[in-house]
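Written below as structure tokens is the structure these notes are about.
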Amino acid sequence: MGAATKLAFAVFLISCSSAGSILGRSETKECIYYNANWEKDKTNSNGTEICYGDNDKRKHCFATWKNISGSIEIVKQGCWLDDINCYNKSKCTEKKDSPDVFFCCCEGNYCNEKFYHSPEMEVTQPTSNPVTTKPPLFNTLLYSLVPIMVVAVIVLFSFWMYRHHKLAYPPVLVPTQDPGPPPPSPLLGLKPLQLLEVKARGRFGCVWKAQLLNETVAVKIFPVQDKLSWQNEYEIYSLPGMKHENILYFIGAEKRGTNLDTDLWLITAFHEKGSLTDYLKANVVSWNELCLIAETMARGLSHLHEDIPGLKDGHKPAVAHRDIKSKNVLLKNNLTACIADFGLALKFEAGKSAGDTHGQVGTRRYMAPEVLEGAINFQRDAFLRIDMYAFGLVLWELASRCTASDGPVDEYMLPFEEEVGQHPSLEDMQEVVVHKKKRPILRECWQKHAGMAMLCETIEECWDHDAEARLSAGCVEERIIQMQKLTNIITTEDIVTVVTMVTNVDFPPKESSL
């Protein structure tokens, strides 16, 4: 074997070794676990943690610590979800100069056992894990092989970038530049979060009213078996452009506990009035209140459905909610609405199909005819039209509790409650909606109010049996604005007419008292 051949063979071996180490870093299966607040969080204080995650997501280890006058205090160590800032980092290194709380992440089993601060490159770790001194031979080999390894790493990194693009990893979510809380991170666990009372229970868990420092927040707690719903909701909230006044305000996400005792938390803004369902059960609404709720609800759904390129924080894809109902619309103190609960939501990105997404999801009562039939066209517009059918039913719920018309206001009922009761089966809904093509009743007295008559027409165009004939959320928003303007004009004209009639009356002259 010639000298050139030997050299090529050596470079090949080094390249393979480098490739193995680089590709191996993404195979993080276990991390060192530590929680300084273990007593309060009711978890283990230290040990190891198995990292769970989807096959197409990368897993990392992380560490957070404080440096108080040269004394290192570890706050948390454990597993960390897919984050581009952690890719291909075998060492857990903080690069900021002097943060209040140091944070680093890395790839590789137990890579967070030791952690570093890059300006000084000092190893900061528990006293039980002393730094091991590298032998001189190791340093000699390292410095001599650096040039060759750099070339090998560049080649392999280029190949990895090509594969990364080809396999179409989900886009990494960067923090939005809109004002508001930072994206979810383990540092949220440093703030005292106290659960106060259960406010609601649903398919994927329960919602608590909680106290975060001086702020009242909502905490949605998922059991570990509903991790996919928690992860999907977290990813939807973290998309660029999702900070909107009519979409529930997202604060952060956390994993509490270990192994089978793990709970998954989503922390959002808290709204005391609760859901639209709860509000309509206890209250009637005026015409102006109906318009305010309906307009802001439509505005939130329109923003969710919209594909918006060129935002400062990236491209916002169109998102279908897939579980629109009055229970998932929350009311703020001023009665403006915000859309909540994205556990079933689906995002649509250019060049990607909906794939194997199961179409028959959501709440049966609000399922569109095509969903009940299982005849869904798995394209973006089809899913958005399914949302609009359910939106029409929510508008009907609002109309049923409005005092604008002269007729009586009925007790609150869910859509189709008269026909199928409170717990319909899939077959019940198929019979009523698909075969009989029934819809909730639009009262005759509603037609006598100009605004309510236009609202009834809008509702019918939202729940049309032909999906392609349904209105968009943006169109509904514009219609509601026009409805309110029209009724204001009519009211003003009526007042002018009455005043004119009164001023044109010939009153008899007053008799003199003299």
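Here, residue 1 is simply the first one shown, and the rest follow in order.
The backbone N, Cα and C atoms fix where each Cβ goes, and this holds for glycine too.
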Need the cross-check against Swiss-Prot: the disulphide partner of C92, picked from C86, C104. C104
Based on what Swiss-Prot records, which one of C79, C86 is disulphide-bonded to C51? C79
Whichever of C86, C111 is disulfide-bonded to C105 when Swiss-Prot is consulted: C86
From the set N88, N214, Swiss-Prot tags as N-linked glycosylation site just N88
Cβ within 8 angstroms of the Cβ centroid of K199, A200, R201, G202, R203, F204, G205, C206, V207, K220: which residues besides those meet this for the ATP site? I221
Top Cα neighbour of G205 (ATP binding site) in the set of disulfide-bonded residues C51, C104, C105: C51
Are there any residues at least 6 positions away along the chain from C31 (disulfide bond) with a Cβ closer than 8 Å to its Cβ? List them or say none. T48, E49, C51, C61, F62, Q77, G78, C79, W80, N109, Y110, C111, N112
Intrachain C-beta neighbours of K199 (ATP binding site), sequence separation six or more, cut-off 8 angstroms: V207, W208, K209, A218, G274
Candidates N46, C92, C104, C106, R201, D323 (recorded positions) passing the 10 Å Cα cutoff around C86 (disulfide bond) are C92, C104, C106
Would you kindly give the Cα-Cα distance separating R201 (ATP binding site) and C105 (disulfide bond), rounded to the nearest Å? 35
